[in-house]
Amino acid sequence: MKIGVYGASGRIGKLLLEELKGGYKGLALSSVFVRQKCETDFSSFSHAPLVTNDLKAFVRACECVIDFSLPKGVDNLLEALLECPKILVSGTTGLEKETLEKMQQLALKAPLLHAHNMSIGIMMLNQLAFLTSLKLKDADIEIIETHHNLKKDIPSGTALSLYETCAKARGYDEKNALITHREGLRSKESIGIAALRGGDVAGKHTIGFYLEGEYIELSHTATNRSIFAKGALEVALWLKDKAAKKYEINEMFG
């Protein structure tokens, strides 16, 4: 399958190019979208990709787009994909409502998956969080996320997805149960998220389930950002030959 990388100059984008250099499980890099000059030397790649700032040409040259860019960039990408539908794997966070609506429109034409975190470990953490939230009904739930000091969005998209998982399991009102700044006593049907920023931490997420006399913490730590690139490539492989639909990452585990 021919892969197009959108957001190639970012941290994950560069890792995607590295993983695709020799062909990842039969995947081939066919196109790279760049706004300015690309620093990557493609002479060592098994196939020379199309490197372009022409969005339509970029989309036409691939069968699947993997996106790790910025919210505005995703909006532009979706406009092109609605004209020329291709498989989409998107890991960009902080998307506006209008952009998400365009994504739903694309899902009528092509398979796509949008996730805040592409690591296999986070996929499992989500499933464990749902089960634990369901079983430990009296436990207070708190989430702590830690990232590098250059991360802009707070809380992280992954922390918000974990919150949504826990809130759904409990039947909480998702719009009102989230607490990111607490004063006074803790309300019963609430889930707090605390965000820490420092150094070069790739990502750590901990969900605490606090009972009287004991507590359980479920934690995931990313020690290498390559897991996000590899996870996105695995999603692309999984989406191949799937029907047009917006898929959830937990569906990969059946």
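We count from 1, first residue shown onward.
Even glycines carry a Cβ here, placed using N, Cα and C.
Just so you know, the Cβ of SER9 (NAD(+) binding site) picks up 18 other Cβ atoms within 10 Å once every protein chain is counted. The NAD(+) binding site annotation in Swiss-Prot covers GLY7, ALA8, SER9, GLY10, ARG11, ILE12, GLY91, THR92, THR93, ALA115, HIS116, ASN117, MET118.
Secondary structure from DSSP puts ARG35 (NADP(+) binding site) in coil. Marked as NADP(+) binding site by Swiss-Prot on the basis of sequence analysis: ARG35.
Non-local contacts of HIS147 (active site, proton donor/acceptor) by the CB criterion (under 8 A, 6+ apart in sequence, same chain) comprise SER156, ALA195, LEU196, ARG197, VAL201, ALA202, GLY203, LYS204. What Swiss-Prot records for HIS147 is active site, proton donor/acceptor.
Residues annotated as (S)-2,3,4,5-tetrahydrodipicolinate binding site in Swiss-Prot: HIS148, GLY157, THR158. Taken residue by residue with DSSP, HIS148 ((S)-2,3,4,5-tetrahydrodipicolinate binding site) is part of neither helix nor strand, so it is coil.
In the structure as shown, the Cβ atom of LYS151 (active site, proton donor) sits within 10 Å of 15 other Cβ atoms. Per Swiss-Prot, active site, proton donor is recorded for LYS151.
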When distances run from the Cα of HIS116 (NAD(+) binding site) to each of the recorded positions ARG35, HIS148, LYS151, the nearest one: LYS151
By Cα-Cα distance, the member of recorded positions ARG35, LYS151, GLY157, THR158 nearest ARG11 (NAD(+) binding site): LYS151
Entries of ARG35, HIS148, LYS151, GLY157, THR158 which, being recorded positions, have CA atoms within 10 angstroms of SER9 (NAD(+) binding site): ARG35
Greatest C-beta neighbour count within 10 angstroms, which of the binding-site residues THR93, THR158: THR158
Those recorded positions, out of ARG35, HIS148, LYS151, GLY157, THR158, that come within 10 angstroms of THR93 (NAD(+) binding site) at the Cα: GLY157, THR158
